[in-house]
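What follows is one structure encoded as structure tokens, with my remarks underneath.
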Amino acid sequence: MIHLSYTDLGLCALLVIACGGLLTLHHPALTRQLYGSALRCGLQLLLMGVWLSFIFTRQHWGWVALMSVIMLGAATLEAGRRQAVPLQAAWRYGLALMSMGIAALSMTMLVVVALLQTDPWYSPRYFLPLLGMLLGNCLTGVSMGMDHFNRQVWQQQAQLEWRLALGMTAAEVIQPLYRQSLEAALRPTFNMLVSAGVISLPGMMTGQILAGAAPMEAVKYQLMIMLLLAVCTSVGIMLALSACRHLLFDERQRLDLHRLQPPGG
Amino acid sequence: MTAPLLRIEDVATANSPALSLSLHGGELIGLAGPSGIGKSQLFKAVADLLPHRGHLWLDGKAQQDIAPAHWRQQIGYLPAQVHWWGNQVAEHFNQQPPLGILGLPDSIWHQPLLQLSTGEKQRLALLRLLQNQPRVLLLDEPTASLDAVNVERVERHVQDYLQQHQAAALWISHDPQQLQRLCQHIITLRVAA
């Protein structure tokens, strides 16, 4: 493995500064955003490195649990943001937590216990990076799915009501929107699967190869991760959308949108 | 006197006055009142599309004892403005209705909805509603976008339907002459003092 020094990282930072200078000529406001984002990224990753080094040396399930809770909490907050017609905060964050928690935690457990058979099963070196990758993708899917679904329901409420008036059940009426939202939310995952290895070299695999791993070993790990990402994201989206679907009708199958917060509402 | 087909007792939503009445087979009752008083809201409540207070019975059976989808098939609600869900007319029907009876050409069957006028869509909506063969019709300004010839067609078709199926209807209109022409009774909603 070729050792990477802090001087090397400093050189990369210089490149970012130069890029900012170039960007100023085209869009000055973006330069500040580039510097701010890069600085934040650097601080977060360095802190994460220190924190993970500490946890790796401890090997205690309590630290792994604490870190998992923090990651799940951050993913929940992120998934609940940027919704055009969001659910009320408690429902929005509750659904994101439930769907991502079930999907990502169960999938991570499955990998460490059944596939990798790490010892102990909660070995932080494996458990935390896997959970992080699964959560990252799951949150994008859940966030996109909820946003698409709730926005469509809000925009098409008159049409949904007319179909209910014609004697269709709530399940029949909502099915097309449910499918459209599922498709929209899963599209990036499918794109990621079909482009891997042809259009793009996935980040984890590239990282492993650069760190000195044999290419085929890196490929096997990457493939495992990709397949798990697809399953985890699909399960997370289906859980979140199924719950949304039930929240937007009352016990008499009437469209009940009081839990949605429309723009300006 | 025969038992009522639909009995409405003190039904009201958050934004409408209360309504109580009994509808018998073949009967057509007009509902009048100023814009914004809540006539459409009352229709939605009767069709069980909005939460409401009060009680409803269809053929003596309470609303809460009838499955929502079945209730809405029996109580056919036609909104003032219909929002279709597909692209073509044919997608929305189980089978082709008698289009000519409301002055619609057969060619309309395979046309995109975007190409139709408001009046054509309004008449299609009535035909779609009647395909369920509802026992009670709730018609919210069903002729608002029609010329005189088509107004007469719609009125006659509804009256024929009520007679043939011994169904009943509530009809909202801002045209007092139309209500007097069609309805056995007219109920005028007023803001509570």
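Including glycine, each Cβ sits where the backbone N, Cα and C put it.
According to TrEMBL, the protein has these features:
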TRANSMEM  A:6-25  transmembrane segment
TRANSMEM  A:37-55  transmembrane segment
TRANSMEM  A:61-79  transmembrane segment
TRANSMEM  A:91-114  transmembrane segment
TRANSMEM  A:126-146  transmembrane segment
TRANSMEM  A:189-211  transmembrane segment
TRANSMEM  A:223-244  transmembrane segment
Inset, instruction - Give residue numbers and ranges for long-range contacts of the transmembrane segment (A:6-25): same chain, 6 or more residues beyond its ends, CB-CB under 8 A. - result: 31, 34-35, 38, 42
Legend entry - Leading contact stretch, A:37-55, A:91-114, A:223-244 vs the transmembrane segment (A:61-79) - CB distance under 8 Å: A:91-114
Inset, instruction - Among A:37-55, A:91-114, A:189-211, point out the range having the most Cβ pairs under 8 angstroms from the transmembrane segment (A:223-244). - result: A:91-114
